[in-house]
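I have placed the structure first, in the form of structure tokens, so that the comments after it can refer back to it.
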Amino acid sequence: MALTIGVLGGGAWGSTLAGLLSQGGHRVQIWRREHGPQALQALAASEVLVGATALVGVSGMAQQIKGWSARPIVSCSKGLDPSSGQTASALWKAACPLWPVVVLSGPNLASELQQGLPAASVLAGHDEGLLSTLQQQLSTEQFRLYRNNDPLGTELAGALKNVMAVAAGICDGLQLGANARASLLTRALAEMATVLHGLGGRQDTLYGLAGIGDLLATATSPLSRNYRFGLCMADGLDRQQALEKVGATVEGVPTCEAIASLGRQKQWSLPITESVALLLQGALSPAQALQQLMQRELRCE
């Protein structure tokens, strides 16, 4: 059944999703920031909204539409709000408590999807009926959707892998080799599990598309902004220079700071996140960060 869908956010991911949904036969309208708040009203009649703004814009966007009638919103923003540590779906729910919110996350590099290459992703939420309906309505031959009932774990995995992709970019930029990259990503998965467990997500979510799937895509491909940012840091650029060279939102940066701060409060062992945070602050060089990781106390895996 064709739906009227409003896509909030016209960046790479929002534009890609709008294209996929249009190809699936839906009537799609997209709102970009440059359109201004008045143009947003054109999406008020949408049956489903897709939230694809950068995470920093979610709270403001939610405030603008909270007076609309309730309808499903598919939250696609990956990261944690640096001021509150909340996920995108939590920000949507805070402003629009009566709206059903589901999470879309997975190994979805926008440029590959724009080329017509296949991909899969996860729809996560607690309303099985809604999930099943949206799964059937939004899946296409190119873009296959699975579903799970762990939206928090799905969302956290999508946020955390951005931090690990920065670390992987640094590792590859230093030309440390395949062994080092494999070791880093394996320990990254364990670190992500620590955070998921501590915040109430399910650790088994990490072994699906939203976890290891997204991690492998984002932490190994130069198409990933977070990975490219890490490469730039390894080349000796500072934080601002690296951001300017990437030229697009790098969600791993504010997410790293939020997770590192939370980890210190909770006394979690998050050595990769902590090392990346110190790099971002300019307190460590890439080589010093590597040395710090390699000199940690020996223990059981």
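In case you wondered, yes, glycine gets a Cβ from its N, Cα and C as well.
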Margin query: Among LYS78, LYS266, which residue does Swiss-Prot annotate as binding sn-glycerol 3-phosphate at the site that also has GLY106, LYS161, ASP214, SER224, ARG225, ASN226?
Written below: LYS78
Check: At its widest, how many Å does the recorded sn-glycerol 3-phosphate site span between Cα atoms of LYS78, GLY106, LYS161, ASP214, SER224, ARG225, ASN226?
Finding: 15
Notebook entry, point to check: Which of the recorded positions TRP13, ARG33, LYS161, ARG225, GLU251 has its Cα nearest to the Cα of ASP214 (sn-glycerol 3-phosphate binding site)?
Noted result: LYS161
Item checked: Assigned element (helix, strand, coil) containing LYS161 (active site, proton acceptor), judged by DSSP -> helix
Margin query: Can you tell me whether DSSP puts ASP214 (sn-glycerol 3-phosphate binding site) in helix, strand or coil?
Written below: helix
